[in-house]
Every structure is written in structure tokens, then in C-alpha cells.
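Take a look at the structure set out below.
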Amino acid sequence: MALSSLSKGTYSFLLFTYLLFLSHLSNGFYLPGSYMRTYSTGEEIFAKVNSLTSIETELPFSYYSLPYCTPPGGIKKSAENLGELLMGDQIDNSPYRFRMNINESVFLCTTHPLNEHEVKLLKQRTHDLYQVNMILDNLPAMRFANQNGVKIQWTGFPVGFTNPNKKDDDYIINHVKFRVFVHEYEGTGVQIIGTGEEGMGVISTNDDKKKASGYEIVGFEVFPCSVKYDPEKMAKLHQYDEVPSLNCPLELEKSQIIREQEKVSFSYEVEFVKSDIKWPSRWDAYLKMEGARVHWFSILNSLMVIFFLAGIVFVIFLRTVRRDLTRYEELDKESQAQMNEELSGWKLVVGDVFREPNHSKLLSVMVGNGIQITGMGIVTIVFAAFGFMSPASRGMLLTGMIILYLLLGTGAGYSGVYLWRTIKGSSDGWRSVSWSIAFFFPGIVFSILTVINFILWGSNSTGAIPISLYFILLSLLFCVSVPLTLLGGYLGTRADPVKFPVRTNQIAREIPSQKYPSWLLVVGAGTLPFGTLFIELFFILSSIWLGRFYYVFGFLLVVLVLLVVVCAEVSVVLTYMHLCVEDWQWWWKAFYASGSVGVYVFLYSVKYLVFDLQSLSGPVSAVVYVGYSLIMAIGLMLATGTIGFITSFYFVHYLFSSVKID
């Protein structure tokens, strides 16, 4: 008794200590985003530059592909994760120096006389509306513009602009005014230690340490303009020498034109403004949710579809199926035998409903890949909804999706081989199925990416995947995904397969001719799942191709749940309809009834390209857009098709498990 009470007391003490330790940790870390970094007055901070981007071409290019000023110590690339590389980000250091709480206007450099190639490149980037993307303390530069009296928020600033009266005259943005918002930080017993690029707060254990204070960067705005400098005066200046402050915008006569043999001088101004915004809230300005009513309308629209389909399923289960089964079971054997001769509808296909479908191996492979993609999507969206994948961590969302996909290879191999074994009744050929699962969807993705990559290489775009990254992705596939998929396949051979409740006849029953082709009903069924997500799809496409932040993952999680429910209901209803007309070939129809939503997503993407993305120019940009849209549509088709197929399989199994026909 004493020992028992002692162990309970020790356990309670350890639990209390653990919770106390967690409470201290919760004060030291901020989940969604990078670690906090504080700066002292006068401390130097250097901005970074990302790839030049445009909503007209969707082809990113390196910042230093244009004749911009380079840093004193040379160009150095920042460490990039897998997601950043795949997204075409190329983050480099820059000569833009900021000194905390010191307002200044400084000179950067003067270029050599522009040659023909540089002028042509600057004009092309200007006409294609390319944006310069700068980053300070992990915050992108934000710019506000007025269009038709509406204040619009952008990230980055343009390379240049065109004279509205003379289309041949282009001007370069060579002077930038930065406004940096800072919040004064004071902490007791906390020592702020700068570690690396982003820094982190380290909790000190000594309460008698002096009070530490500093400034946090909570906002970064940019105001671009063009100014014509006197080359002779600017030639006497050195980098970071002071220059007079300017009032932007200036008249076109005082702007720097892009022309051969012109020397372009670059300068910038910095203004620090104190702000009440605290560091954890500094991304709120970027993530302001617009169109909340539209998101709610999308959810309510989906709920209406769900309730409509749920009513149909309710009628099928409780009115039709249960009534028929109850009447059948109440009869004696002679009456059942007589009734068997008079059966109609789904009861007639009892000896064929579990007959092996055509291309059963392909079905098993696609279901296995669908399980893998569905699991990846659900886990990613759940983590993103809880703030684990903040846009402050660039590329983290895509990196997390790739890692999850690789790790879920076990589930893909298990489910695919399990279905194969259930259909075949044996484990013969499971290795071939496992290998096919491991390479089916990745093979499609690699094929499309290779075509896109050759096009991007020809355009010298930073969006092209480097050869080294290709080998890294292939290494991850062969060293992580393939072994896990084979392991899952082996585990699938050890599991007991699903036992079919009825026997399959040796001779297949002839399917009566239908008034309308069955594929028409299958393709039409995809409109209902598409109706639950097409509004959210618009926001997703806008965030990808128009450079906007997407962070309403809470809405997306709700839409995902509704999509799963609608896919399940649509597939069940369609499967029952086919069985009622004595069509026992339901396997593939159940898959494509919900999987056909991928077709509509691809068609909607094409519509978005033609009508909503009219600024996109050139065949190269169109091919890149269509290629990535095709990958998205195929992945969604596999995921939704798998959801519908699994639901229909267990529906058919339940339906015929109650039938007693020899």
C-alpha cells in the first residue's frame, strides 16, 4: 500500500513538473512562423532578394539577371529547402543595408553604360510586369496601389513602367523608399541572442540578469519611383554615401529612361516607424482574409448538396433495400426459390456482382495511390489549419507534402495489395502490384515535370528544376518511398482479405442494353463533388498564379470534409443505380463516379486560364500552367475516386451479405 501510494505521488509530481516545463516552453516559442529576432539601435540588417516574378508569364528569373547593384562581398545564395527550389525561389543577398532606427537616404551604385542586350531585357521585363521581391527579417516587401479608387495590396515592386503616351519609352525603378515598422521589445529575465539569419529568444534561468530590450521588425512597406541622376555627380559617390531625399512620384522628364549607353544610378531611403503591432501579429497584414462571405457560401452550398444526397441514400437504405431484404427473409425456402425466378433489379446480379473487374491490377494500383494522396492531403491541411505551415516558412507547405507522400508509401502498398488479394483470392503477383504503386503517380508527375523543365531551361528561368534536385527527388523515391511501399505490400499479403458474401457464377450474366450509355451518368456524377469545391478552387488558383497568400486553411479543411462526404454519397447512389439496371460491372464506375471531379477541375483550370488569367502571355507560360494543372487534376481524381470506390465496395458487400441465394 505504501509503495502504491508512493508511486502515485511520484507520478503526480512528475506529471506536474512536465506540465510546468511545457508552460515555460509555450512562452518561449511562437508556432506559426520563424523565431523572433530583436535588433539594437544602429545594428545593421541586410535585405534579401527573391526571384523576379510576373503574373503575365509565370516564369521566375534571377534578380541579378538584370543590371542591378551587387553586394560588396559578392552574391551569396541563401539556404533553400526542397519546396522553395520546386517553386522556383532563388533567394540571394543584396546591397540594401538597414540600420535599426536610423533614417537615411543613401547611394548604392551606378551601372556601366547599358548595352543593347541589357536594354532589351529591361524593356521585356517591364512590359511583362515583372516584380522585384525583397525580404527583410523574413517579411516580404509590401506595396499599396490605388486602382479605380480601390486600395490594392501587392508584394514587391515593378522593375519599371511604360510611358502611357509613348509606348516605346520605358523607365526603370532605381530609387526605392522603404518604411520599416518596428515594435519595441522589453523582457525581464530574458536574454535575446541572435542566432543565424532569423535568431531565437533564449530563456535565461537567472532572474537577476539585466533587463534586455530591443526592436522587432513588424512591417515592411516599399514605395518605388524613378529618378534621373547626373552621372558625373554620382560617379564621385561611394556606396552608402548620403544623397538628398526625394519626393515620389516624379515627372516623366525627371525619371530614368531605359536606353542604350545610359548609366543608371540606384539609391534608396529608409524610414523607421514605431508600431503597436506585436511580433506574433506581424503577418496579419499579409493574411487578411478577403471574401469571407464567399467561403461561407461555398460551405452552405456544399451542405445543401450533402443533405440532398443523404436523403437519397436514406431512401435507398431504409426504404428500398431494407424493405426488400425483410420481405425476402420472411419467406420460406419454397417461396424464396419461387421469388428467385421472379427477381429483378440488383438481386439478379448476385452471382456476378463480385466478379473480377477488367484491369484489376490497374484498379489496385490507382486505389493504392489514391490512399497515399488522400492521406497526404488530409494531414497537410490539418497541420496547416493549426498554423504549423505558415507562409513565413517559405516552401514548408510543399516540402511537408512531399515528405508525407513519401512516408505514406506503406499505406499505399498495403491498401493496393490488400485489394489485389481480395479480388484475386491469392497473393500471387503482389510484388508487381507494389512496384507499380510506387511508380504510377510519381512517374506521371516526373514525366510532366520533365517536359515543363525542358521548356523552362530553354527560357533560362529559375523555375526550372536543377539537375541536382532531380537526383535528390529520385533518391528520395528509391530510398524512402519504394522500400516503404514494398513493406506495405508485404504487410498486405499477411492480412486476411475480405470474404465475399456470395459465390460468383462461372458464366457471366449478360448486361441488358441501356437507353443511355453508362459513362454519361458516371461523368455527370462528378459535377456534384465539383460543386462543393469550385469556389475554394478559385482562391487556390489565384494564390498560386496571381502571387497572393492563401491562408484560409480552416475553410479548406471544412470543404475537404464535405468533399469526402459528397464523394462517398455520389458513388453509393450511382453504384446502386447501376445494380438496379442489372449492370454488375460497378468497380470502375464507382471509382470514376467521384473521380470524374478531376476532369471538371482540369476544365475549370482551363477556363481560369482563358477568362480569369488573361494577362498570361506566350505559349511557354500556357504550357507550364496546363502541365501543373494536369498534375493537380490527376492527383485529385485518384484521391476522390479512391474515396468513392472504398465506400461503394463496403456498400455492395453489406447489401449482398444479407442475401441468401444459392
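Just so it is clear, glycine is given a Cβ too, placed from its N, Cα and C backbone atoms.
As given in TrEMBL:
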type: SIGNAL; residues: 1-28; note: signal peptide
type: TRANSMEM; residues: 296-318; note: transmembrane segment
type: TRANSMEM; residues: 362-389; note: transmembrane segment
type: TRANSMEM; residues: 395-420; note: transmembrane segment
type: TRANSMEM; residues: 432-457; note: transmembrane segment
type: TRANSMEM; residues: 469-491; note: transmembrane segment
type: TRANSMEM; residues: 519-545; note: transmembrane segment
type: TRANSMEM; residues: 551-574; note: transmembrane segment
type: TRANSMEM; residues: 586-606; note: transmembrane segment
type: TRANSMEM; residues: 626-652; note: transmembrane segment
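Contact between the transmembrane segment (362-389) and the transmembrane segment (519-545) is not supported: fewer than 3 Cβ pairs lie under 8 Å, counting only residues 6 or more apart in sequence. Sequence-distant contacts of the transmembrane segment (432-457), counting only residues of its own chain at least 6 positions beyond either end whose CB sits under 8 Å from a CB of the stretch, comprise 59, 361, 364-366, 368-369, 372-373, 409, 412-413, 416-417, 420, 463-465, 473, 477, 481-482, 485-486, 488-490, 620, 623-624, 627-628, 630-631, 634-635, 638. Panel annotation: around the transmembrane segment (586-606), residues 353, 357-360, 363, 366-367, 518, 522-523, 525-527, 529-530, 533-534, 537, 541, 566-568, 570-571, 574-575, 578-579, 625-626, 629-630, 632-638, 640-645, 648-649, 652 of the same chain, lying at least six beyond its termini, place a Cβ under 8 Å from a Cβ of the stretch.
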